[in-house]
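Enquirer: Here it is, the structure, as structure tokens.
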Amino acid sequence: MARSNPGLLLGLLLLRLNWCLAVDGGGAEEGGGVFPVVVSTWPFREAVRAAWDVVKTGGAGGSAVDAVVAGCSACEELRCDGTVGPGGSPDEKGETTLDALIMNGKTMEIGAVAAMRYVKDAIMAAKLVMEHTGHTLLVGEKATSFAISMGLAGPTNLSSPESIEKWSNWRQNNCQPNFWKNVAPAGNCGPYHPINIPKDPVKSAVWENQGITCQEWLQNDNLLEPTSSHFNSVNRHNHDTISMAVIDKMGHVAVGTSTNGATFKIPGRVGDGPIPGSSAYGDDEVGACGATGDGDIMMRFLPCYQVVESMRLGMEPRDAAVDAISRIARKYPDFVGAVFALNKKGVHAGACHGWTFQYSVRNSSMQDVEVITVTP
């Protein structure tokens with residue numbers, strides 16, 4: 001029988017030991033040991049604390065998914081900035097509806113609800129979609145029916161005295177500002193109809209004979225402002241989302257969002273909140289991203305998907321965040337929005353356009369939640 005080679009055996013033993021350390025080391029950042037980590041848009045400290053309380057517990061800690069649900073649920077209950085949860089952001093009819101999303105970065109499963117009525121627990125409803133259906137997104141009253149059938153409380157009036165008062169004041173101001181464009185009449189509460197500039201020369205001649213030319217239409221006060229007119233009214237108190245990312249002690253990533261959407265939106269409008277890759281995105285292999293701002297614009301670019309994929313290709317979080325925002329700003333210089341980026345090592349950064357952005361962070365090296373300010 002051949003004699004054993006002591007050097008070879010020692011080498012194999014060390015290789016085995018190193019492999020076990022790499023696997024079992026799980027969540028620790030190289031040289032940092034910052035896991036778990038929680039990041040959220042805005043100074044939503046209580047939401048971050050609620051997520052932290054879940055993810056820090058026990059030997060292995062709570063799961064990233066459960067922590068995201070806890071954090072977003074806290075914001076829904078606190079009605080953060082009046083833009084999350086029930087009682088805020090009435091639509092044109094005075095009703096509050098909810099959007100939410102949750103994503104498991106380990107399995108890439110997603111659950112979301114949009115324009116959901118009469119159920120206040122939006123993030124929980126999204127989690128039910130993820131865990132108990134093969135779908136990704138449920139909308140409207142059917143989302144409501146699903147959530148109630150799965151045990152969530154409802155039907156519940158999602159309006160509040162504050163939201164009704166806000167809506168009443170807006171009505172008294174002739175429903176201004178609003179999200180309509182290229183419609184008539186402007187300056188009041190509608191109903192509206194589209195302004196169609198005819199391309200048919202015969203129809204154009206008829207219009208001109210009636211004393212209405214294209215140029216007159218364009219100068220007429222019945223036209224609303226250009227497409228970008230509503231951008232100046234976008235701010236964190238009428239057009240916002242909580243977007244949260246968590247990396248748990250095992251290094252697993254989860255992201256989630258919750259919002260009641262844009263104030264005075266057209267009924268049926270769905271923003272970026274429940275859209276995967278727009279408001280949030282996460283992947284265990286790379287990291288996570290959260291976004292906030294003018295969702296109608298941002299969802300056209302899927303900025304969080306862009307951030308995560310840029311980090312996958314080697315970009316640092318700050319560069320990936322800046323790149324994603326700059327892609328939108330090149331096409332829409334007046335847009336307002338922001339993203340945070342979090343890589344799988346726990347390194348985080350943010351970027352914004354059109355406003356000063358803040359995001360909240362808690363990791364194992366901190367005594368409490370810290371708020372980071374990002375300027376354009």
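Backbone N, Cα and C atoms are what each Cβ position is placed from, and that goes for glycine too.
Grabbed the feature section from TrEMBL, which reads as follows:
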type     : residues                                       : note
SIGNAL   : 1-22                                           : signal peptide
ACT_SITE : T241                                           : active site, nucleophile
BINDING  : R269, V270, G271, D272, T292, G293, D294, G295 : substrate binding site
Enquirer: So which one is it: of the binding-site residues D272, D294, which has the fewest other Cβ atoms within 10 Å?
Expert: D294
Enquirer: When neighbour density is defined as the number of other C-beta atoms within 10 angstroms of a residue's C-beta, which of the binding-site residues G271, G293, G295 has the lowest density?
Expert: G271
Enquirer: Round to a whole number and give the Cα-to-Cα distance in Å for the pair G295 (substrate binding site) and the residue listed as 'active site, nucleophile'.
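Expert: G295 (substrate binding site) to the residue listed as 'active site, nucleophile', Cα-Cα distance: 9 Å.
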Enquirer: Between T292 (substrate binding site) and T241 (active site, nucleophile), how many Å separate their Cα atoms?
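Expert: For T292 (substrate binding site) versus T241 (active site, nucleophile), the Cα atoms are 6 Å apart.
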Enquirer: Select the most exposed residue of T241, R269, V270, where exposure means the fewest other Cβ atoms within 10 Å, treating these as the recorded positions.
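Expert: Ranked by other Cβ atoms within 10 Å, the recorded positions T241, R269, V270 bottom out at R269.
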Enquirer: So for T292 (substrate binding site), how many other CB atoms are inside 10 Å of its CB?
Expert: 31
